[in-house]
Amino acid sequence: MAIDSTTAQSYKQLKEDFVSNLSGGSVSEIAQVCAVAPVVSLVWSVLQARQSFFRPYTPLGYAIDFLLNVGALLLSVTLYSSAPLLLNLLLLTVAAFVYLVPAHTRKKKPQLPPNAQSKKSSSEQPLGVLSTKPFLTNYRGNMLIVTCICILAVDFRLFPRRFAKVETWGTSLMDMGVGSFVFSAGVVASRPVLKERAEGKAAPLSTRLKTSLRHSLPLLVLGFIRLLSVKGLDYAEHVTEYGVHWNFFFTLGFLPPFVALFQSALKVLPSYAGLALLLGVVYQVLLETTSLKAYILTGPRNDLLSMNREGVFSFFGYLAIFLAGQDTGMLVLPRSLSRSISGSNNKTSGTVQRRSLLLNMAGWSLVWIALYFFATDYKYGFGLSVSRRMANLPYMLWVAASNAVLLLAFYLVDALLFPSFYSAQDVKTEKELYDMATSKVLRAYNRNGLAIFLLANLFTGLVNMTVPTLDVGRVATVGILVAYMGALTAVAVGLDEYNVTIKL
């Protein structure tokens, strides 16, 4: 039902008020909701590892894949939003039941004669320096799905207001979501840096800037398209989120050139985490010791900078989050251990590799948690409050700590149920094990993540222009969200099925 033009202006104000002046929820509750994703990954992995449920990939397999990796996450922010622990318990019960069911025995491949085996092994491509690990696909795919769900769900009354973006001070699920989007982009961005190091090359600053601008341009164009669309259609806006003209695509678009500049600083401080902390601390000091905080929160909007001050200055916090993500990527993407050719050492090599990665990830998780504690605790720390609006130091540390713990949880599922992936000796075997250990739905979201996110924004706008979301009941809300995510997932899986990659 279209909204009558005579009430459009007052309805627009209602929608703006609906997402304004919110104070968020507790960090512990947000952690419980976020925990649904790795628990879902556990259920999926037990089904696959014990029962080979998704091999071959049938329509039933797709339905269960969708229900787990999309449906459960949708439930966590709607019908089960007040009981995330119960949802986690129910999912863990399913995982335990499936695990206890006798394992499905797969038919073994016929043994090849010795001469055929030697020919086969000689033609196999050896492993490279980097690896596409299943837990990274699961982590990033789940993050993209939750983000897509929330950007539409927030406009309905069924979505709890404590999960929507906070006005100034506090924490919320959507505040974590936007930070996680940037953090995960940083993880992925470490891949070309690692390739350069492996090849012993170091691209000059001018080359890095040219490459970064090529990545930035499409995002900046999308930012301008969104700006013109919002203004032209008189769409409801939340000005204190980014400013009058700024939007998230501009933040994403300006990240690559600044990251390229910061890469030069590695000669002085050879750590992305160190650079992230340095930037975050300097920015926080400026907020606390100058009039910058007051300017961002209460200054008049009388020129282009002041109109977009939230977007401009929060960019430095998001840059710090991106660098923290890049540091994590430098840890989890490479193959840090050399592999032995002999079969007797394969298991040892894989075991040592898993243990080493586990200890490093756990260590960094503790570091980020400790830093967040000292930044925010009133008794033992600095007593600072989280602000996504300014993307201050506590916000950056909260995002880094939460994502580090989430990655660790996804990795534990990976290492426990698909350990053979870490013992693969050639590209073909590793690819087969990777496909076995990852959901087709999550792989599809990963492949065209930014394009699907853009499509989700378009669908969100379409729904808001045609449906009075504030007047929709619980059942209808769930129906709309399921249809919306069903369409998005169908597009993502369809693109993947036809081997289409959209680079933005």
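From the backbone N, Cα and C atoms, a Cβ is placed for every residue, glycine too.
Under the DSSP three-state reduction, ASN21 (N-linked glycosylation site) is assigned to coil, being neither helix nor strand. Residues or ranges marked as N-linked glycosylation site by Swiss-Prot: ASN21 (among others).
Sequence-distant contacts of the transmembrane segment (27-47), counting only residues of its own chain at least 6 positions beyond either end whose CB sits under 8 Å from a CB of the stretch, comprise 53-54, 64-65, 68-69, 72-73, 76-77, 81, 84-85, 87-88, 91-92, 94-95, 98-99, 138-139, 142-143, 146, 162-163, 171-173, 176, 398, 402, 405-406, 409-410, 412-414, 417-418, 437, 439. If you look up Swiss-Prot, you'll see 27-47 (among others) marked as transmembrane segment.
Taken from Swiss-Prot, the feature transmembrane segment applies to 60-80 (among others).
The transmembrane segment annotation in Swiss-Prot covers 83-103 (among others).
As annotated by Swiss-Prot, transmembrane segment applies to 169-189 (among others). Counting same-chain residues at least six beyond the ends of the transmembrane segment (169-189), those with a Cβ under 8 angstroms from any Cβ of the stretch are 22-27, 30, 33-34, 77, 136, 139-140, 143-144, 146-147, 150, 154, 162-163, 248, 251-252, 255, 259, 318, 321-329, 332-333, 385-388, 391, 395-396, 398-400, 402-403, 453.
Look at Swiss-Prot and you will find 211-228 (among others) tagged as transmembrane segment. Only residues 6 or more beyond the boundaries of the transmembrane segment (211-228), in the same chain, are considered here, and those with a CB under 8 A from a CB of the stretch are 203, 245, 247, 249-250, 252-257, 259-260, 454, 457, 504.
The transmembrane segment annotation in Swiss-Prot covers 242-262 (among others).
Sequence annotations record features per position, and here Swiss-Prot assigns transmembrane segment to 268-288 (among others) based on sequence analysis.
Counting same-chain residues at least six beyond the ends of the transmembrane segment (312-332), those with a Cβ under 8 angstroms from any Cβ of the stretch are 133, 136, 179, 182-191, 193-194, 242-243, 246, 251, 254-255, 258-259, 262, 271-273, 275-277, 279-280, 283, 292, 296, 305, 357, 360-361, 364, 368, 388-393, 395-396, 399-400, 403-404, 407, 411. Annotation source Swiss-Prot lists transmembrane segment at 312-332 (among others), citing sequence analysis.
According to Swiss-Prot, the N-linked glycosylation site annotation covers ASN346 (among others).
Tertiary proximity for the transmembrane segment (356-376) is limited to same-chain residues at least six positions away from its ends with a CB under 8 Å from its CB atoms, namely 273, 277, 324, 328, 331-332, 336-337, 382-386, 393-394, 397-398, 400-401, 404-405, 407-408, 411-412, 415. The transmembrane segment feature in Swiss-Prot is assigned to 356-376 (among others); the stated evidence is sequence analysis.
As annotated by Swiss-Prot, transmembrane segment applies to 393-413 (among others). Packing against the transmembrane segment (393-413) from elsewhere in the chain are residues 27, 30-31, 34-35, 37-38, 41-42, 45, 133, 135-136, 138-139, 171, 175-176, 179-180, 182-184, 276, 280-281, 283-284, 317, 320-321, 324-325, 328, 332, 357-358, 361-362, 364-365, 368-369, 371-372, 375-376, 384-387: each is 6 or more residues past its ends and has a CB under 8 Å from a CB in it.
Under the heading transmembrane segment, Swiss-Prot lists 450-470 (among others). Outside the transmembrane segment (450-470) by six or more residues, the chain places 1-3, 11, 14-15, 18, 144, 147-148, 151-152, 155-157, 181, 222, 226, 229, 233, 235-236, 480, 484, 487-488, 491-492, 495, 502, 504 with a CB less than 8 A from a CB of the stretch.
Per Swiss-Prot, transmembrane segment is recorded for 475-495 (among others), and the stated evidence type is sequence analysis. Listed as Cβ neighbours of the transmembrane segment (475-495) (distance under 8 Å, sequence separation of 6 or more from its ends, same chain) are residues 62, 66, 70-71, 74, 78-79, 145, 148-149, 152-153, 156-158, 440-441, 444-445, 447-448, 451-452, 455-456, 459, 463, 467, 501-502.
According to Swiss-Prot, the feature N-linked glycosylation site maps to ASN499 (among others). For ASN499 (N-linked glycosylation site), other Cβ atoms within 10 Å of its Cβ number 7.
Of all the Cβ atoms in the protein chains shown, 11 others lie within 10 Å of the Cβ of ASN21 (N-linked glycosylation site).
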